[in-house]
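J.: Straight from TrEMBL, here's the annotation block:
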ACT_SITE  His157  active site, proton donor/acceptor
ACT_SITE  Cys225  active site, acyl-thioester intermediate
COMPBIAS  8-29  compositional bias 'Basic residues'
REGION    1-34  region 'Disordered'
REGION    83-103  region 'Disordered'
REGION    245-268  region 'Disordered'
TRANSMEM  39-61  transmembrane segment
Amino acid sequence: MVYTGERHSHRGARRRGSRGRRRHPHAPRARSGGDIARGIVRGIGELLFTAGLLMLFFAAYEVYGKQFETDREQDQLAQGLEDQWEQQEARGPDSEPLPGSANSRLYIPELDLQWVVVNGVSQEDIRYSPGHYGDDAVSGGDATAAGQRGNYAVAGHRTPGIFWDLDLLENGDEIVVEDADNFYTYEVIEERTVTPDQVEVVDPDPFDPENNEDPQRSLLTLTTCAPRLNNTHRLIIHAELTDTRPKDEGMPENIADMAPETQAAAGE
């Protein structure tokens, strides 16, 4: 009887011990090399997806955001253009123009676009506007005014709202520049692509350096980056003056339907 009781006692202990062991959680399984690799690939995929979204947002800003900012800034410049001309005239023809101040209005009928051109070509000056190359940016240190002998040179970013479609111009297309007194019509005579160090394109005579001190032609040059969204080269448009029209004779026919609101109101 004593022996039998001991046997039952051990069985109970074994059963209790067995039940106790089943209550313990299993130890975590070690991750295999495949699991780790899949996790890395998943993480890289998420990073690439995020980068793609950021690039998409950046592209949308370049196309639509900058266009909105440019239009807003141009509206503000246009409203004060006449005042700027009066202030410049009051300071005298030999006075130094203020950087970033309004210089002229530029029309390209072929693109149905117009801008207020500011003085200067620094990154700040041309952020939202084309800019006129000043004395410190041309050979001989004597910048040309619109309509005069020499080279009226204008730079603009290759962004939507400014010179994005400048490459669409062809020989014979017209460009009009308006200053305080006249409208000057130029005809495109050449398009070319150069490297950034070929700064002679804005010289008084970019076709014949020997005439830089005494230019005989009245030229207009537009410069911008090439190709789009890159700055490895410069797209150059050269045009030559074909007509000068006093403002009291009205706007030239080729831009009559592009009249700014201020001029349209004045003509009513």
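Backbone N, Cα and C atoms are what each Cβ position is placed from, and that goes for glycine too.
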J.: Using DSSP and three states only, what is Cys225 (active site, acyl-thioester intermediate)?
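T.: DSSP call for Cys225 (active site, acyl-thioester intermediate): strand.
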J.: Tell me the Cα distance separating the residue listed as 'active site, acyl-thioester intermediate' from the residue listed as 'active site, proton donor/acceptor', rounded to the nearest angstrom.
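T.: Taking the Cα atoms only, the residue listed as 'active site, proton donor/acceptor' lies 7 Å from the residue listed as 'active site, acyl-thioester intermediate'.
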J.: DSSP helix, strand and coil counts for the region 'Disordered' (83-103)?
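T.: DSSP classes over the region 'Disordered' (83-103) add up to 9 helix, 2 strand, 10 coil.
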